[in-house]
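Peer 1: Have a look at the structure that comes next, please.
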Amino acid sequence: MGSGLVLMHLTQFFVGLLLFSTDVRAGPLGGMVSIPLEKAGRELSPGLPSAVLHQQYANRGIRRLAHMKGQPRPSDLDLWGKISNRLSSLPKDSEFMRKLEIAALSDPNSLSSRKFRHLARATNGDDSSALPSPASYPNSLGLEIQSNDYGYYAKLMIGTPPKEFSLLMDSGSADFWVGGEGCKGDNGQDCGNHTYLGLNSSTTLKDLHDPWAINYNTGEVSGSMIQDDISIAGLRLSGFKFGVAFKESPEFTGNEILFDGLAGLAKSAVSRQRTMTLVEALHKSGVIKNSIVSFKIPRLADHKNDGEMALGGMNPAKYDSKSVVTVKNLNRIGFWETPINEVKIDGKPSGWTNRTGVLDTGTALLMAPREDVDAIHSRIPGAKQASGSWTVPCATKTSLALTIGNIDFSIDPRDLAFIPADDSGKDCWSGIGVGTVGPFHLPTTWLLGNTFLKNVYSSMNADEGKDEISFAKLR
Ligand SMILES: *[C@@H]1O[C@H](CO)[C@@H](O)[C@H](O)[C@H]1NC(C)=O
Ligand SMILES: *[C@@H]1O[C@H](CO)[C@@H](O)[C@H](O)[C@H]1NC(C)=O
Ligand SMILES: *[C@@H]1O[C@H](CO)[C@@H](O)[C@H](O)[C@H]1NC(C)=O
């Protein structure tokens, strides 16, 4: 055991030396390892009106916020109602509305037809009790209920001989799974052009004969718990306990899905597989110094490809050490939530001193309750409200800053201008969406998605007795 550990540290040292200048970076003996983080999103249905796309992003945020605050899951009906509301604000003679009508006429029983009839009813002010049951939304118009912009993935090696897997790094769960050999989709088809793990491909894999299942948006993913070896940037973790999936829901099986499984980065308190997270296991076995995961979220507009996830600590190369603040994690369930001490718009305080923000690398937008979103935008020059949501000038220079500890973390105005609202390029849908969850509408809870997270170095610490979050300005 002792000599194994020394050997491991030596290996870590030499691997660190070997790989230091390539794009896989290992900190020699520093107890920290970092790997590139890449965008896992795919472009959704070109041709979809941007108002709908914006709502799909907001709907994803609403779902995830409910999950991470232990609130009832917003129903498909609720979320479809929000999409429908955005659709009803489009000109009736717009190309998309014409397409929707044609789809409805050509197949009166199709989902888009039922949606169209509902929409017609809703816009005529009838009650919407006869909504379709939107079990799934596979139609050519791309009218899905929420966006499939998953966030970011990173690559790890699993098994013997080691194979490379791309894993979605998910702050909204604490489970770890990859597709298993022989994996089947909902209709019995295979699980797509992905890398799989199983007894046929890994000699170190041990089947624990313990089933697991997790419900995602489009259905259940289920399989068996196993143990196998993982290596990250050359550091090896033996006998890690995780899941292989024999059945995957449609959101994971497509050839266009860029990842082969998920790595949950919340705390094991919310593990549905009832086991340690990757970060906790790496820490427990001494591979990393602290049970810490840190993020530098890349901004595509920067064209730098500089996203990075560090395990075990914070990577000094990525943040300004004079700007570090550390706060207590306020989330009682096992996700990550920071106090927000003040919100400033162009340097002027709003007087809001009791907001909190749930951190989510799996949501694009920053989400807040309507009162806050309205108050913020009413102070952004040129911002306009449209069907309940806001646009800002695409060239806005307004700076919005969240004060955490005593540091102001400002959001780059480019991130406030989320996507163009029309072809003119003048107005953009805002990076701040409207959303609140639960019967009591948590009036002070925000969701800090990538609109905010791209602007900070963030780091979550699950060490025994710690439960802290640190933020720092990016270098
Ligand atoms: C494993 O390999 C055997 C022999 O080639 C094959 O019959 C079996 O279908 C494979 N199992 C899976 C799950 O791919
Ligand atoms: C399958 O994935 C590989 C590597 O990720 C890629 O090179 C190949 O083009 C993909 N094939 C299909 C049919 O998508
Ligand atoms: C939070 O601040 C708002 C003002 O922004 C105030 O109305 C509310 O009472 C405060 N809530 C608590 C729990 O302090």
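Cβ coordinates come from backbone N, Cα and C, glycine included.
Automatic prediction, not curation, is the source of TrEMBL annotations.
Relevant sequence annotations retrieved from TrEMBL are reproduced here:
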type	residues	note
ACT_SITE	Asp170	active site
ACT_SITE	Asp360	active site
DISULFID	Cys183-Cys191	disulfide bond
DISULFID	Cys394-Cys428	disulfide bond
DOMAIN	152-472	domain 'Peptidase A1'
SIGNAL	1-26	signal peptide
Peer 1: Between the Cα atoms of Cys191 (disulfide bond) and Cys428 (disulfide bond), find the distance and write it as a whole number of Å.
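Peer 2: Cys191 (disulfide bond) and Cys428 (disulfide bond) have their Cα atoms 37 Å apart.
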Peer 1: Tell me, if you would, which residue among Asp170, Asp360 (active-site residues) has the fewest other CB atoms within 10 Å in the structure shown?
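Peer 2: Counting other Cβ atoms within 10 Å of each of the active-site residues Asp170, Asp360 gives the minimum at Asp170.
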Peer 1: Does DSSP put Cys183 (disulfide bond) in a helix, in a strand, or in coil?
Peer 2: strand
Peer 1: Relative to the Cβ of Cys428 (disulfide bond), which residues of the same chain, six or more apart in sequence, are found under 8 Å away?
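Peer 2: Non-local contacts for Cys428 (disulfide bond): Thr391, Val392, Pro393, Cys394, Thr396, Ala417, Phe418, Ile419, Pro420, Ala421.
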Peer 1: Determine the Cβ neighbour count for Cys394 (disulfide bond): the number of other Cβ atoms within 10 Å of its Cβ.
Peer 2: 20
Peer 1: Same-chain residues six or more away whose CB lies under 8 A from the CB of Cys183 (disulfide bond)?
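Peer 2: When sequence neighbours closer than 6 are ignored, Cys183 (disulfide bond) has Asp190, Cys191, Tyr196, Gly223, Val244, Ala245, Phe246, Lys247, Glu248 within Cβ distance under 8 Å.
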Peer 1: Specify the count of other C-beta atoms within 10 Å of the C-beta of Cys191 (disulfide bond).
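Peer 2: Step by step: centre on the Cβ of Cys191 (disulfide bond), count other Cβ atoms within 10 Å, giving 25.
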Peer 1: May I ask for the distance between Asp360 (active site) and Asp170 (active site), taken between their Cα atoms and rounded to an integer number of Å?
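Peer 2: So the Cα of Asp170 (active site) lies 8 Å away from that of Asp360 (active site).
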Peer 1: On the 0 to 100 scale, where does the mean pLDDT of the domain 'Peptidase A1' (152-472) fall?
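Peer 2: Averaged over the domain 'Peptidase A1' (152-472), the predicted model reaches a pLDDT of 95.
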Peer 1: Could you check what DSSP calls Cys428 (disulfide bond) once collapsed to helix, strand or coil?
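Peer 2: For Cys428 (disulfide bond) - judged by DSSP and reduced to three states - the answer is strand.
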